[in-house]
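According to TrEMBL, the protein carries these features:
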TRANSMEM  6-29  transmembrane segment
TRANSMEM  41-65  transmembrane segment
TRANSMEM  77-98  transmembrane segment
TRANSMEM  110-130  transmembrane segment
TRANSMEM  142-161  transmembrane segment
TRANSMEM  182-203  transmembrane segment
TRANSMEM  223-250  transmembrane segment
TRANSMEM  262-282  transmembrane segment
TRANSMEM  288-316  transmembrane segment
Amino acid sequence: MNLQIFLFFLNGAIFTFTSLILVIQAYLYPSRAKSLLFDPATTIFVPTFALNFATLILGLVNYAVPANVLGWVGLEVLFYCYVFLALVICIPLLVAWYNKPHDLKTFTPAWAFLLFPLMLVGVVASRILAVMPLDSPQAVSVLFLGYMFQGLGTCMTFFYIPIYLSRIMQTGFMEGHQANGAFVMAGPPGFTAVALISLGRVVPEVFKQNDLHEMMTQQVGVVFFGTGVLMGIFLLGLCLVLFLMALIPYYSKIHKRLSEVLGMWATTFPIVGMTTTLRLLGDIFQSQILLFGQLIMTIFVCCAYVTALTCTVLALCKGKILFSSSEAVLRDSDSHRGCKCYQAPV
């Protein structure tokens, strides 16, 4: 537990630090910050800010609530803030992104990041429902929004899977830093399965303890749960296939360059959904095979995390990442002062 709390605070510290750095950059070099925001290569990573906010909410559920530091009312407020943040970030960026045509051969699974925050609303809602009274109208609202936005984000994100398959049919498996992004495709089915199973688990009690329509009975809630488990099994199979399609050709396709190390982090987060689904289904069916699979995937995620962290530190020490060339620094400085006389040497 102490390790988990440490990692939660570390996550919060990294989130705060990176957010502060981005604010400082926007203040000192506004033109550079604006170009990064509207650059097709970097725009798709803006929604990851909301994703990190979601992990902080999940951490508060696990550690702040048991310690009586935060109540369920505060978590409900944070949930609505997350939904608002996801909408404000995802929808405008999605509209701006598709305002211009994109070549299918340039597609990467990272484009799905534009919708990932919406896809995780159901996961966040299920964790908040685990600590709030289910006989309150607020529980019904959180449950409804959880299902609604989970469906919105999931259906839109699933549209990317046929595009991904079309891309690799034309060009073969992705190479270089894009090989890391192939793991992203395993994220939507995994997290959707987690949301459907977790939300379905609380539906019978929510329907039983609230004065809803006469057809919304506890038995109907059991149907929700059973349907969620069935869909979770289906999605687990899809997730496993997409994961193997990314893993098997990975070593032969990836470029062994420290300058591209940041892409390795895409091999960690998306697999968490499949790992959690294995645990949920293992507990439901009392299956040691599924629980063993969850253990294997947990080890894989830990190894991928340690590898990515080690390579990132090494790349940072060698100046392969997060360091701009002298020309870029001078260009940003001149732009900030309104000077257009600087020309990079040819």
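Note that Cβ sites are derived from N, Cα and C of the backbone, with glycine treated the same way.
A TrEMBL annotation is a machine prediction, not a hand-curated record.
Scored by C-beta pairs under 8 angstroms, the transmembrane segment (223-250) has its highest count with 182-203, from the stretches 41-65, 77-98, 110-130, 182-203, 262-282. Of the two recorded stretches, the transmembrane segment (110-130) does not lie close to the transmembrane segment (288-316), with fewer than three CB pairs under 8 Å once pairs fewer than 6 apart in sequence are set aside. Long-range neighbours of the transmembrane segment (41-65) within the same chain, counting only residues 6 or more positions beyond its ends whose Cβ lies under 8 Å from a Cβ of the stretch, are 4-5, 8, 11-12, 15, 19, 71-72, 75, 78-79, 82, 85-86, 89-90, 93, 96-97, 110-111, 113-117, 120, 123-124, 127-128, 130-131, 269.
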